[in-house]
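*Asks:* These came from Swiss-Prot, pasted as-is:
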{"type": "BINDING", "residues": "LEU131, GLY135, HIS136, LEU137", "note": "(6S)-5,6,7,8-tetrahydrofolate binding site"}
{"type": "MOD_RES", "residues": "LYS240", "note": "N6-(pyridoxal phosphate)lysine"}
{"type": "SITE", "residues": "HIS239", "note": "site 'Plays an important role in substrate specificity'"}
Amino acid sequence: MTASPLAQTPNDMFNAPIAEADPEIAEILDAELSRQQNGLEMIASENFVPRAVLQAQGSVLTNKYAEGYPGRRYYGGCEQVDKIETIARERAKSLFGAEYANVQPHSGAQANAAVYQALVKPGDTVLGLALDHGGHLTHGMKINFSGRFYHAEAYGVNPETFRIDPEIIRQRALETHPAMIIGGWSAYPRIEDFKAMKEIADEVGAKFWVDMAHFAGLVAAGLHPSPVPYADVVSSTAHKTLGGPRSGFILAKQEYAKKLNSAVFPGQQGGPLMHVIAGKAVAFKVAATPEFKDRMQRTLDGAKILAERLMADDVKNNGISVLTGGTDVHLVMVDLRNSEMDGKQGEDLLAQCGITINRNTVPFDPRPASVASGLRIGTSALATRGFGPKEYEEVADIIGTALAAGQDVDALKARVDKLAEDFPLYPGLDQIH
């Protein structure tokens, strides 16, 4: 008599590959791999991790609890994870020229929460870039912890240039007397003046914190000014341009080490995710290589090529423009305020072509955030796949043509398919199991 699958012993299930243990989840994982391989990922906050990072995150380190810090754990058996966390911290410090690093934050938002806890008190005034002008939820949005537990004030971009203007920040700082000024952004295409912002913070007696989650990879490659010499504390994610696992980390001057360590653990988190910290260590090593710098240069080149194509007459004639007239970073902000097309429609149109982006609000947006009047388009993931100028010109033309007149979607999709085929992602990995 054949035993029912339900009669399997726990050991059978323990040792079974995912295709046998949970075919439903395995099928979805395979479908997601296919989606990533066969489309073009251009969401500015997304990237592809190296295989070595996938291996680290899928390792036996996922089994280990390690509350505390290396040499000061609250659990036994931490000899190996202590080594890994120490390596990750030292690599982060070396990569960014920082005195201190904490690699335990589970995410960028957790890292940011720890910064608040370490530098300011509940009810203190903080001053950050407005969300609808390119800021982040954790920079003071009212429904976020940062806007609920702190008195959040905002500065916006210059209404004529759409650029962050230090003089506007200074005036807002003089008006609001913040305990902390926040630099960094999630949807802004230019470089901030960290030196000027630090001078403003000093003038009003505020701490200066920069969230470099989006541009950390560019900083690591030496292709973007570093906030580390100017900011009291710098937070970041390890993914986005840096191309590591989805997670966060914090850099700072040594004088803030004790407060930040306590804010991360036990202030915000319990046990760190050691398999993710191993992935961060690998990503930091990769980011220190010439290969990574070349990838970041191609990322910047691709963004400029895209911006130039989207400023062509056929796109302009559809009421579409590029915010600030170009880009200095890995993303382009497309302005649809004068177009009949809204952000949701633009996102859906490009999805039909096989290109994934996201709609985004733009400064002074007349439309609700659910549809928005902007598109945020990033070039990091394509550089990771190996795209160079020729390929960026092709994908830029696909996007420009689609937005200009909604040309034959099937023909545009065929061009996308060819690009994806020519630059395979994780070649040889056809199934998760």
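Backbone N, Cα and C atoms are what each Cβ position is placed from, and that goes for glycine too.
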*Asks:* For the recorded (6S)-5,6,7,8-tetrahydrofolate site, enumerate neighbouring residues of the same chain (Cβ within 8 Å of the Cβ centroid of LEU131, GLY135, HIS136, LEU137, site residues themselves excluded), in sequence order.
*Replies:* GLY128, LEU129, ALA130, THR138, HIS139, GLY140, MET141, ASN144, SER186
*Asks:* Minimum Cβ neighbour count within 10 Å among the recorded positions HIS136, HIS239, LYS240: which residue?
*Replies:* HIS136
*Asks:* Can you tell me how many other Cβ atoms are located within 10 Å of the Cβ belonging to LEU137 ((6S)-5,6,7,8-tetrahydrofolate binding site)?
*Replies:* 15
*Asks:* I need the CA-to-CA distance for HIS136 ((6S)-5,6,7,8-tetrahydrofolate binding site) versus HIS239 (site 'Plays an important role in substrate specificity'), whole Å please.
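*Replies:* With the alpha carbons as reference points, the distance is 16 Å.
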*Asks:* Measuring CB to CB from GLY135 ((6S)-5,6,7,8-tetrahydrofolate binding site), give everything in the same chain under 8 Å that is also at least six residues away in sequence.
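*Replies:* Set apart from GLY135 ((6S)-5,6,7,8-tetrahydrofolate binding site) by at least 6 residues yet with Cβ under 8 Å, we have GLY128, LEU129, MET141, ALA154, ILE182, TRP185, SER186.
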*Asks:* Using the alpha carbons only, what distance in Å do you get between HIS239 (site 'Plays an important role in substrate specificity') and LEU137 ((6S)-5,6,7,8-tetrahydrofolate binding site) once rounded?
*Replies:* 18
*Asks:* Using Cα coordinates, what distance in whole Å links the residue listed as 'N6-(pyridoxal phosphate)lysine' and LEU137 ((6S)-5,6,7,8-tetrahydrofolate binding site)?
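*Replies:* Checking the Cα atoms of the residue listed as 'N6-(pyridoxal phosphate)lysine' and LEU137 ((6S)-5,6,7,8-tetrahydrofolate binding site) gives a distance of 17 Å.
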*Asks:* Counting only residues 6+ apart in the same chain, whose Cβ is under 8 Å from the Cβ of LEU131 ((6S)-5,6,7,8-tetrahydrofolate binding site)?
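*Replies:* Within the chain, LEU131 ((6S)-5,6,7,8-tetrahydrofolate binding site) has Cβ neighbours under 8 Å at LEU137, HIS139, GLY140, MET141, ALA154, THR361.
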